[in-house]
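Worksheet for the structure shown next.
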Amino acid sequence: MTLWVVKIGTSLLRGETATTIDGYARCFAGAMDRGDQVVLVTSGAVGLGCQKLALTNRPDTVVALQAAAAIGQGALMGLYERAMARHGRSVAQVLLTRSDLADRRRYQNASGTLRQLLSWGVLPVINENDALSPAELRFGDNDTLSALVAAAVEAQQLILLTDVDRLYSSDPRVDANAEPISDIRHPRELDSLEQGAGDGGRWGTGGMTTKLAAARIATASGITVQLADGRDPARLEALLQGQRGGTVFHPHPEPLGNRRSWLAHVLRPEGELQLDAGACAALQHRGASLLLVGVTAVRGDFAANQPIQLLDPDGEDLGRGLCSMDSDQLRAAMNDPSPGESSPVVVHRDGLVLRSR
């Protein structure tokens, strides 16, 4: 049994949306009939709302986008519900915000709810709660959301469907020398690609940049990611039957566990700690906890047990951790002229996750 998370982008849900969704539904039902489980993360609520309002351009204000999403979400779910019903399957709408996943208990509740739906043979249809989410609580794109959902349910496979056939070394629409890429085997290979990735289209929010970020999140959690052309549902059917297609992002050989994945990718840092070289070496090579003596600078205001970003001496991202002190306590301890015999723990190794190198 394979647990699949499939993300369908806005660019695939234009025009004859009902016909397109019918094709995807056949693929999902076929996989479920074979004993697999499928979670769908779908875009399209804003685009469908704009179609219903006969808008020629995507709204450019948050309020208008949220209103369009409110109109389109019900219609979108209706299309999926009717399409899956033709195959004797039910769907369940799950709308999420970042705050739903940032709280550890709610994160576990969301994971448990999705697992229960899957055990009943239901297709969970997930979207961001666009109609209500303020900017600071938004994922911003469904590529990221799909990777976080895949990690939460401990999926084996994440499929990112888009309107290009695979990843390229540069944008093939403007660069005739762009080279197709079939495999990405290490996070380092993503670095240069992320720098050259483009923005989203007129209707969507996720360009190739967000897909690469999603692949980084999922592969760090031990999930295989496939980026493929979803314009023909037959290609999705082939992927769900185990065939390769598009670009395959291979999982990290030492994946994060569920809690560390949550810490690394769901929580937003409330501040920064810059470390000296000795502390960096202790964290990276000896699996140590971060001690106060290794902290050279504190930035931001945060409470105890909130997530903070760790930076090396050059200001490069080292990882994230849950800080045992609030920012005022930490600054006071650093400035204490008579520290105790032992340096206190600032971030325990159990609440620490380092960036993949």
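In case you wondered, yes, glycine gets a Cβ from its N, Cα and C as well.
Taken straight from Swiss-Prot:
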BINDING   Lys7, Thr162, Asp163, Thr205, Gly206, Gly207, Met208, Thr209, Thr210, Lys211  ATP binding site
BINDING   Ser43, Asp130, Asn142  substrate binding site
DOMAIN    270-353  domain 'PUA'
Based on DSSP, name the secondary structure state of Met208 (ATP binding site): helix, strand or coil.
helix
Secondary structure at Asn142 (substrate binding site), reduced by DSSP to three states:
helix
Which secondary structure state does DSSP assign to Ser43 (substrate binding site), in the simple three-class scheme?
coil
Over the span of the domain 'PUA' (270-353), count residues by DSSP class, listing helix, strand and coil in order.
24 helix, 27 strand, 33 coil
How does the model score the domain 'PUA' (270-353) in terms of mean pLDDT?
92
